[in-house]
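S.K.: When I checked Swiss-Prot for this same protein, it listed these features:
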- 24-44: transmembrane segment (TRANSMEM)
- 48-68: transmembrane segment (TRANSMEM)
- 82-102: transmembrane segment (TRANSMEM)
- 142-162: transmembrane segment (TRANSMEM)
- 194-214: transmembrane segment (TRANSMEM)
- 218-238: transmembrane segment (TRANSMEM)
- 292-312: transmembrane segment (TRANSMEM)
- 319-339: transmembrane segment (TRANSMEM)
Amino acid sequence: MAFGKSLFHAIGRVSLVRQIAAGLALGIVIGSVSPQLGLAAGLFGSLFVGALKAVAPVLVFILVAATIAQHQKGNKAHIRPIIVLYLIGTFSAALTAVIAGMVFPTHIVLAGAGDVSAAPPSGIVEVLKSLLMNLVANPINAIANANYIGILAWALVLGAALRNHGSDVTRQVVADLAEAVSTVVKWIIRFAPLGIFGLVSSTIAETGFGALAGYAKLLAVLLGCMAFIALAVNPAIVWWKIRRNPFPLVFTCLRESGVYAFFTRSSAANIPVNMALAKKLGLHEDTYSISIPLGATINMAGAAITITVLAMAAAHTQGITVDFATALLLSLVATVSACGASGVAGGSLLLIPLACSLFGIDNDVAMQVVAVGFIIGVIQDSAETALNSSTDVLFTAAADLGRQRNRAE
């Protein structure tokens with residue numbers, strides 16, 4: 001018994017990032033050496049992601065409602081500058097992907113890529129309609145289905161009603177509930193090393209690395225664009241806001257948010273992680289409690305890259321020449337589509353036919369491109385989610401620190 005306690009204390013003294021790195025390395029080894037054991041270990045990953053997904057909608061609803069309920073008049077949340085950063089970042093990602101698609105034209109083999117059963121949206125109007133319908137969804141259904149647009153809308157309305165008509169005791173109860181749910185999130189995050197171990201070992205056991213070899217150039221363009229945004233464009237945007245070296249903040253967000261998101265492959269599941277990081281960075285709670293869930297819905301730089309690169313690859317494969325005006329239009333369409341990706345089943349991949357329609361590409365061909373996206377999804381979806389989610393907290397921090405700098409001046 002004493003040995004067990006001392007072992008747990010010893011593990012507890014090791015930083016969580018190092019524990020995750022150990023879980024990652026062990027997962028790669030187990031998944032490669034013993035696929036059967038790796039698949040069995042996948043249960044730990046499923047439980048971890050399931051726990052995060054389960055707590056995230058409740059956390060967002062209660063935290064936002066509590067924040068608004070206790071919001072004092074004259075104490076602004078400063079959300080607008082963050083939304084502007086989200087849109088700038090997403091458009092920059094789409095434009096970068098267009099340029100990369102022109103400089104490094106990619107042809108893909110479509111025959112035998114597989115079938116995709118889900119139906120893509122027919123146009124921008126349908127994407128926007130989906131977002132608006134999510135806004136007025138039943139609040140219970142919104143929480144049950146992790147509809148964050150609906151959750152945010154109802155939490156804002158309920159919080160405003162409590163602020164104006166609730167008693168001090170009622171508002172304190174809601175605040176205590178928010179603190180309790182945040183504590184539960186901390187407990188879940190402590191199991192991240194075990195969860196990452198399960199996710200990695202099962203992924204390696206199921207797919208190996210061979211399935212990705214045939215699409216190496218396409219993956220290189222996708223990952224290259226995402227790396228350029230994460231390590232060049234985003235730091236430039238952050239510097240513009242805070243006017244000092246942005247890389248310590250950038251690397252902190254990539255390390256403490258991006259790593260989780262890469263393996264969970266879920267922006268929703270990463271909301272609690274981003275909330276905890278924002279609190280650790282000392283950001284304004286009234287701001288991050290709203291901007292981070294909102295970012296998980298509309299801040300989609302990774303999705304914009306995926307939509308654009310695969311649409312450009314489809315055009316090159318079909319022998320279509322893309323002029324600059326069309327490429328610029330594609331950037332705008334990809335930006336709007338990416339912002340609506342959370343409202344579409346299948347996310348960014350099923351918005352590819354929408355972008356392909358700009359080039360007059362047949363829907364059957366576009367859906368084969370989507371199927372290719374699912375094949376490379378093991379890497380593409382992980383990298384996309386890591387970029388999307390880490391940027392949520394990065395831009396929130398940049399806007400908050402920039403506001404503090406302006407106030408100090």
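Using N, Cα and C of the backbone, Cβ positions are placed for all residues, glycine too.
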S.K.: With the transmembrane segment (218-238) as the reference, which stretch in 24-44, 48-68, 82-102, 142-162, 292-312 has the largest tally of C-beta pairs below 8 Å?
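M.R.: It is 82-102 that shares the most Cβ pairs under 8 Å with the transmembrane segment (218-238).
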S.K.: Is the transmembrane segment (142-162) packed against any residues at least 6 beyond its ends, judged by a Cβ distance under 8 Å, and which are they?
M.R.: 53, 56-58, 60-62, 64-69, 71, 131, 134-136, 170-171, 174, 268, 271, 290, 293-294, 296-297, 342-343
S.K.: What parts of the chain pack near the transmembrane segment (319-339), using Cβ distances under 8 Å and only residues at least 6 beyond its ends?
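M.R.: The answer is 87, 90-91, 93-95, 97-98, 101-102, 124, 127-128, 298, 300-301, 303-304, 307-308, 311-312, 348, 351, 354-355, 358-361.
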